[in-house]
Amino acid sequence: MAKFQSFSIALLVCVIVSNHIVVDANISKNMAITWGNSRSKIEGDSLQLVLDQSTGSGAKSKRDFLFGSFEALIKLVPGDSAGVVTAYYLSSTGSAHDEIDYEFLGNVSGQPYTIHTNIFTQGVGNREQQFRLWFDPTTDFHNYTIHWNPNAVVWYIDGIPIRVFRNYEKQRIGFPNKQGMRVYTSLWNADDWATQGGRVKTNWANAPFTASFRHFRPRACYWNGVASISQCAAKSPANWWTSPAYAQLSAPQLAKLNEIQQNYMIYDYCKDTKRFNGQMPQECYRRQF
């Protein structure tokens, strides 16, 4: 009996290792630069993306995932970063892709960065919320985390939740739960829209622009095809993100989220009645947190 128990435990460990990424914060093991500026580089646990007038740059994770927690420490472009966008997001591929976004919109010196968040399901987005940061994101690294489970997506900054998007699939509202996604980072020029609606353009005299990343930590379920849809959503000790503790925010987390949304949110698609001609997206009528 003891030998059988030992074998069962060993088998369980093998299953966990094969389906779930082993925690390793070393960027060089988890990500690769996929396009752009030759000055961009990965060294050990450090990723540096560079943008100049010739091109920006980007990187992505080496694996696809379905559900889990995706965190990275990011230090944004300092000084006059108008027109520049740093992105950190999850995305599948194809025209009917799913996507969960953090985009950091640069600004002229002395003004706060804007955080642009969005979520796509089956190729449909238009779910933007924007925030002003309550700290200077260019002087030090800060933790930006996307937590994604079968119940909800939560965006965190330094452990503080800033946004929640709940799963109302039963009410025919799209939710990203059937496509594996990779993690992407990029630094690029978007001065046609990024700063004050495109009124402030990129000042190339300040180039090259640099954004730095480290401690990319995916604690998540590997995507291994269609079978992962049920495997990664199953309630089990290995799938820690499905535990009751992550089903909804705690009271202190809710208090923090409400504080951030009341004091730092500058745009919410669910309040933009003019944009949708009064026909608001259905999730806007439902509780998100």
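Any Cβ shown, glycine's included, is placed from N, Cα and C.
Feature annotation from TrEMBL assigns active site, nucleophile to GLU99. Marked as active site, proton donor by TrEMBL: GLU103. Per TrEMBL, domain 'GH16' is recorded for 1-213. Per TrEMBL, N-linked glycosylation site is recorded for ASN107. The signal peptide feature in TrEMBL is assigned to 1-25.
On the 0 to 100 pLDDT scale, the domain 'GH16' (1-213) averages 89 in the predicted structure. A separation of roughly 25 Å, to the nearest angstrom, links the Cα atoms of GLU99 (active site, nucleophile) and ASN107 (N-linked glycosylation site).
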